[in-house]
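Here the structure comes first, spelled out in structure tokens, and everything after it is commentary.
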Amino acid sequence: MPAAAKVRPRADHPRPVAPPPRERPARRLTARLRGPALPYLLILPALALELLIHIVPMAVGIGMSFLELTQFSIRDWTTAPGAGLDNYRLAIDFNAPVGQELLHSFWITCAYTLLSVGLSWLLGTAAAVLTQGPFPGRGLLRTLFLVPYALPVYAAVITWSFLLQRDNGLLNHVIVDQLHLTHDRPFWLLGGNSFFAIVVVSVWRSWPFAFLALTAALQNIPRDLYEAAALDGAGMWQQIRRITLPSLRPVNQVLLLVLFLWTFNDFNTPYVLFGRSAPAEADLISIHIYESSFVTWNFGTGSAMSVLLLLFLLVVTAGYLLATRRRTADA
Amino acid sequence: MRRTWTRKLWTAATATALVAGAAACGGGSATSSAGGNGSPKTLTYWASNQGAGLEADKAILTPELKKFEKRTGIKVKLEVVPWSDLLNRILAATTSGQGPDVLNIGNTWSASLQATGALLPFDDKVMERIGGKDRFVANALAAAGAEGRPPAAVPLYSLAYGLYYNKKLFKEAGIDAPPATWDELVADGKKLTGHGRWGLAVEGASYTENVHHAFVLGQQQGARPFTPEGRPAFDSPQQVTAVKDFVDLMAKDRIVNPGNAEYANQQSVTDFARGKAAMLMWQAATSSLKKQGMDAADYGIAPVPLPAKTPPGGKQVTSMVAGINLAVFKNTDNRDGALKFVKFMTGKDEQRILNKTYGSMPPVTDAYGDPAFETPELKTLRKVLADSAAPLPQVPQESQYETLVGNAVKKLFADAASGHPVTESSVKAELTKAKQQMPGGKG
């Protein structure tokens, strides 16, 4: 309805394309629609859906963070008492256990993200560069590299959790029973090792994406650059440093940001690997927030934590884009 | 022509939106009674996973639902929901108002779900329609909602914890009788541990199992999870002792395989069935053990041990009142049908059939007298339920208590397994942390 209202006043103005009054109504309508309103009209369904799918839930989440939403009011939110900033105060009071644990979880997640994104990028770049030149079996190898990306998360990660079990897992079978590296069977899903377990699984899951993006980007670097460099006596390492990496810069800029956001927010991997409450050493923030809201039925606090996370990610993203854009402009 | 149509459509849409909005506003208030009898011919039923798997449950329940359909003409749409999803599904249904008509709930959740107002209260009038409340075993009905309020559900299957022990392994180790005290359990466990075998198996990463044991051992020590005013008291000295004793079975006494700290998918039952562990504390393990190939003659069941000397204030509790309750969603559009279904499911015949199949005990008195409930296992467990079982606290914060304390014990098991010392102060620190995460737990 609003769209039609928008069209009407414009159509009243006499315009060169305006149809003669005697024409059939249907044609008059199409011609009317062909005016400057058309792009907006076309975008309208997308906009409505975007609002429905993204903006409205986000707004609801932000609204929830100002409510004391527990089992007493979950059935009818209008009865939830307002909490003001209490949920936020609880989340960032770093002297109380709730705030302390959130902060702890935040640092763990930062370390996890840095390691995971760094390693994924490194592996992805190395593999992309190494498979750039043609050799027999290249297609097969590339396909193989993409398998972790193609597997459904649950199937892939649950397999990892079987591999990493202490008593019956394949990993311990190999390092304890076959290679006799240690006598004690180490835990991989409990204690300090669980951090490395989640990093490895996360890298395994996300490096194929880096590989895919970089392989595509490498196709755009003109061959002549390498030929010219080779003529000038540049070795492979120099070619990578002086030609490949600078040419990949725009792709890397986006790739790193996307990987960062995905990894920082990833819920599936830790949830499938550790279940609903992760060990303290691998207590990633998405699971932590889930536990704070769903497991303890305290949805307001969980929402407040989510909003804080959203703000943090927005600030990092904005800072990153500003910094990289400036550097690109300088270059 | 087209114009009038559009206008009509808009009017209708606006009216619907307004009505929906009004209904949503009224839904939670005490006076309005959302729900009714709009669709009297169908029911949706969420069953919990009681058998060896979701498919097994479907196979067990479907013939019974057909029987109900034949009698009443009401078609029941069955969905078996796994335990890991059930509470979240119920919460989502509560928030949206779009839920099943009848559903199974863990009986310990009764008070928490009662507080949401999503379930139909079984007041005397409603009770009358399903055959009266006197039919139910008192202990089981006590675990269906907060004291002094009409129950939020009615008991459907009753369960209790028992100590399952492997008769053959006991004989080989020269032990004649199952342990009656914790000291005996530790001594026996030490004799049974070795050569890749362990005295006891626990489900160390399962918060529900953990909190059930923490509760029972706490009762034996005289701990109360909540003060009479309803404030959390998870870190009382008695509770600290109880949790430390429990974790020490792995940390100090070393009769539990450290690998058990990872178990959350009934691996401890598997270990027991395969003879990798000689004892197991579980509820209604019979059907699972049978499925894992363990013969019923190979194991015995005894009550969970007690302390040799009852500590001051301690109670002779060896189990929680475990069980499954049947509830009616307040928003149901077939309330009469739902109550008919509850009456059918809690009736004598169905109770006998279903409890026999699941290895649980009927919570209605008139279902007994069937020889199937006179097996040694059920006799032991019935006695436990009647004499030495206590319901988990029926307070609205119960489900938070379960997750927080259960996860605290899970962390302590993880510490014990990875060789970190488990001390009184580390136990107290975890329990205090759990307490402080409760609303009103900071004091």
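Glycine is no exception: its Cβ is also placed from the backbone N, Cα and C atoms.
A TrEMBL annotation is a machine prediction, not a hand-curated record.
Here TrEMBL flags A:9-25 as compositional bias 'Basic and acidic residues'.
If you look up TrEMBL, you'll see A:106-320 marked as domain 'ABC transmembrane type-1'.
For A:1-25, the entry in TrEMBL reads region 'Disordered'.
Residues or ranges marked as transmembrane segment in TrEMBL: A:37-67 (among others). Tertiary neighbourhood of the transmembrane segment (A:37-67): same-chain residues 3, 6-7, 10, 73, 77, 80-85, 87-88, 299-300, 303-304, 306-307, 310, selected by CB-CB distance under 8 Å and a gap of 6+ residues from either end.
The transmembrane segment annotation in TrEMBL covers A:106-131 (among others). Residues 138, 141-142, 145, 195, 198-199, 202-203, 206-215, 217-218, 240, 244, 248, 252, 255-256, 259-260, 263-264, 281-285 of the same chain lie 6 or more positions beyond the ends of the transmembrane segment (A:106-131) yet place their CB under 8 Å from a CB of it.
Using a Cβ-Cβ cut-off under 8 Å and counting only residues 6 or more beyond its ends in the same chain, the transmembrane segment (A:143-163) has close neighbours at 127, 131, 169-171, 189, 197, 201, 204-205, 207-209, 211-212, 268-269, 272-273. Feature annotation from TrEMBL assigns transmembrane segment to A:143-163 (among others).
Remote same-chain residues near the transmembrane segment (A:195-218) are listed as 108, 111-112, 115-117, 119-121, 123-125, 127-129, 131-132, 142, 145-149, 153, 156-157, 160, 164, 188-189, 244, 247-248, 251-252, 255, 259, 262-263, 266, 269-270, 273-274, 281-282, 284 (criterion: CB distance under 8 Å, separation of at least six residues from the stretch ends). The transmembrane segment annotation in TrEMBL covers A:195-218 (among others).
Residues of the same chain lying 6 or more positions beyond the ends of the transmembrane segment (A:246-264) and with a Cβ under 8 Å from any Cβ of it are 109, 112-113, 116-117, 120-121, 125, 202, 206, 209-210, 213-214, 216-218, 220-221, 225, 285, 313, 316-317, 320-321, 324, 328, 331. Per TrEMBL, transmembrane segment is recorded for A:246-264 (among others).
Remote same-chain partners of the transmembrane segment (A:303-323), defined as residues 6 or more beyond its termini with a Cβ less than 8 Å from a stretch Cβ, comprise 58, 61-62, 64-65, 69, 87-88, 90-92, 102, 257, 260-261, 264-265, 285, 288-289, 292-293. The transmembrane segment annotation in TrEMBL covers A:303-323 (among others).
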